[in-house]
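Asker: Just dropping this structure here.
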Amino acid sequence: MKIAVLLSGGVDSSVALYRIINKGYSNIKCYYLKIWVEDELSYIGNCPWQEDLNYVEAICNKFNVPYEIINFQKEYYNKVVSYTIEELKNGNTPSPDIFCNQRIKFGAFFEKINSQYDLVVTGHYAKIQIKESKFLLKQAKDKIKDQSYFLSHLSQKQMSKLYFPLGTLLKSEVRQIAKNINLPNKDRKDSQGICFLGKIKYNEFIKYHLGEKKGNIIEKETGKIIGIHNGYWFFTVGQRRGIKLSNGPWFVIEKDLEKNIIYISHNENYLKQAKRKFLVHEIHWINDTPTNFENFKIKIRHGEKKYSCKLKLITNNLMEISLNKKDQGISPGQFAIFYKNTECLGGAKIFKIIE
């Protein structure tokens, strides 16, 4: 069996490589995917991918496995970065990591290697199971690290070639394995933030592409101007950090795109803005469309929290979702991801808040 391993230089993908080798497989090649943004914004700091590459080389040398660097800068820009920029311009809250997995790691990469490999291994925290000739996406053992939210737009064809060795492990167990076998990156911190940015700060990325435009920050209840911001695209509904005003905490509760105004409110008033009903479109099911939606739960952001909900299919590409509890941070552009027990069934894009 020929196996390709996506190696990032981090602990997770390195332990995934070790576990597949430990199963007795030897016909293995590792790939490091080099992406667009890191070079384009390298003026901000040190070359962010060089450190990754140093670890990739050290890991492959340790296990005597060949590796190759594949340049996907153009594909990243066209399929992920441009989407993110457009969503920000439209005042939405994008979820680029979902498309990073669907369109690049398991899209462009699969197209590149074509049928050369029988299996592609990554360090994602999730599980794939087969039931009645269908591939099911299941949550990982570690519910905190679980990445099924970001994998929710995979296809059956993509899942048929994927294996996630870390799906049955806790993060603490992965760290312990790395120490036990003395991996060169055993003490390396986990990467944070959006997949394509590397060490680049998100606001630097936004500033580079959309610039800055001064606008008013207005207290919703009083209509008073209490501050100035550098552009609505730097803010998302529900945001608390980064407002940098006294007498807080403050929360972003509304954005006026035409006038470039950010409306904020104190905590007690912010909680009153919570919503529970919204519309989604661009619906993707990992398997066939369910015949009923009983006992479904959804996530509206990455993390452990799921909501019980009622789903009403209006058309094949339009659905109304009613949560059992209100949420303060529902925002157009986010994705609602569907679950039944531990199975991730797919997801859809939020485009209108109702109540």
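Backbone N, Cα and C atoms are what each Cβ position is placed from, and that goes for glycine too.
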Asker: Swiss-Prot records Leu6, Leu7, Ser8, Gly9, Gly10, Val11, Asp12, Ser13, Leu33 as ATP-binding residues. Which of Gly107, Gly123, Gly167, Gly211 is assigned to the same site?
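Answerer: Record source Swiss-Prot; matching candidate: Gly123.
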Asker: Could you state the CA-to-CA distance between Cys100 (active site, nucleophile) and Leu33 (ATP binding site) to the nearest Å?
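Answerer: It is 11 Å, counting Cα to Cα.
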Asker: Identify, in sequence order, the residues in the chain of Gly10 (ATP binding site) that are 6 or more apart from it along the sequence and have a CB within less than 8 Å of its CB; answer 'none' if there are none.
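Answerer: Those within reach of Gly10 (ATP binding site), by Cβ under 8 Å and sequence separation of 6 or more, are Asp52, Tyr55, Gly123, Asn185, Arg188, Asp190, Ser191.
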Asker: Using DSSP and collapsing to three states, where does Gln334 (site 'Interaction with tRNA') fall: helix, strand or coil?
Answerer: coil
Asker: Among all the protein chains here, how many other CB atoms are within 10 A of the CB of Leu6 (ATP binding site)?
Answerer: 20
Asker: What same-chain residues, at least 6 away in sequence, bring their CB to under 8 Å of the CB of Gln334 (site 'Interaction with tRNA')?
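Answerer: Spatial neighbours, sequence-distant, of Gln334 (site 'Interaction with tRNA'): Asn92, Thr93, Ser95, Ile300, Arg301, Lys349, Ile350.
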Asker: Tell me, how many other CB atoms lie within 10 A of the CB of Leu33 (ATP binding site), whichever protein chain they belong to?
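Answerer: Taking every protein chain into account, the count is 22.
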